[in-house]
Amino acid sequence: MAKDKFVRTVLGDVPAESIGITDCHDHLIKNGGPEMHEHPDFLMIDVEAAKKEVQEYVDHGGKTIVTMDPPNVGRDVYRMLEIAEAFKGKANIVMSTGFHKAAFYDKYSSWLACVPTDDIVKMMVAEVEEGMDEYNYNGPVVKRSKAKAGIIKAGTGYAAIDRLELKALEVAARTSITTGCPILVHTQLGTMALEVAQHLIGFGANPRKIQLSHLNKNPDRYYYEKIIKETGVTICFDGPDRVKYYPDSLLADHIKYLVDKGLQKHITLSLDAGRILYQRNYGLTKGKETFGLSYLFERFIPLLKQVGVSQEAIDDILINNPREILAFDEPRVYDASKVSSEVVQLKKDLKLL
């Protein structure tokens, strides 16, 4: 990796080789938004609890946390900057721009629905290159923070890609092309992941800068293998400590399978601890004993070793892959004429053209 490769944190760009053990998809502060309609546990605004959680992560050897809260879906630039400043020189915080799944946006009046794609791309590029809007593009005022986004989020729903989600995927791909910023996509219960990868690449995104999340909720190792081999993207397994979906042993076995197939360069890990009772220190504020970010080190990494995943592969998954994937690419010029014919036809079918 070239020495000038960098990862964009909220406190500035850092050398990619310095980011250390990285949690590639997590949450520390979630300041309201549509997720709260699903469960009140999605409201996470306790800065002190979040700081304690980061400290435990650091104490276990963690160095970088990528927080995947896009504008209007929990993102809080003020509080996240406070946390980042508290750990300056000890831990890196990366924040996101972009969108979540279409269910979180009004299909008629949201700016994702109303604003032309070209203009939304400009808005996202500004968040990466100039600074995130402290008001989350709620309008009519835009106030740029000193903190810039270091990753682009998109999202898709269960077993279908909504027309607004395809629009958000195009925005993500074009923003990534223009800025070099990496992409991570929420795939609901791990569905439509292959199609998501194909569409992003069809728009021109670099597959090495794409991560797909929540595939662990669709426990099919052959599906994972197919996605990686056919598209070259990376799967971010974000679900240790989710026994309601599957035991940790199943996820560990799936990772071992992929490693044995020579695909360890296409795996990253995280906790996706985006609810109060998914973090130890938030749980304590509710009078509950729960697990937290330290679970990765105390329980899941030992399990990976137990099932036979080598230390070399673990180092790739936790350190080497994130620093390559999260490092900004060389910016390119978006060329609409090079978009795949399949994506162009899908845009026509979904009346996006």
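Using the three backbone atoms N, Cα and C, a Cβ is placed for every residue, glycine included.
The candidate list Asp248, Asp253, Asp260, Asp272 contains one residue that Swiss-Prot assigns to the Zn(2+) 1 site with His25, His27, Lys153, namely Asp272. Zn(2+) 2 binding, as stated in Swiss-Prot, involves Lys153, His186; the candidate among His214, His254 given for that site is His214.
Tyr245 (substrate binding site) has His214 as its nearest neighbour among the binding-site residues His25, Lys153, His186, His214, Asp272, going by CA to CA distance. Only His214, Tyr278, of the binding-site residues His186, His214, Lys244, Tyr278, have a C-alpha within 10 angstroms of the C-alpha of Asp272 (Zn(2+) 1 binding site). The DSSP secondary structure for His25 (Zn(2+) 1 binding site) is strand. Distance noted between the C-alpha atoms of His186 (Zn(2+) 2 binding site) and His27 (Zn(2+) 1 binding site) is 14 Å.
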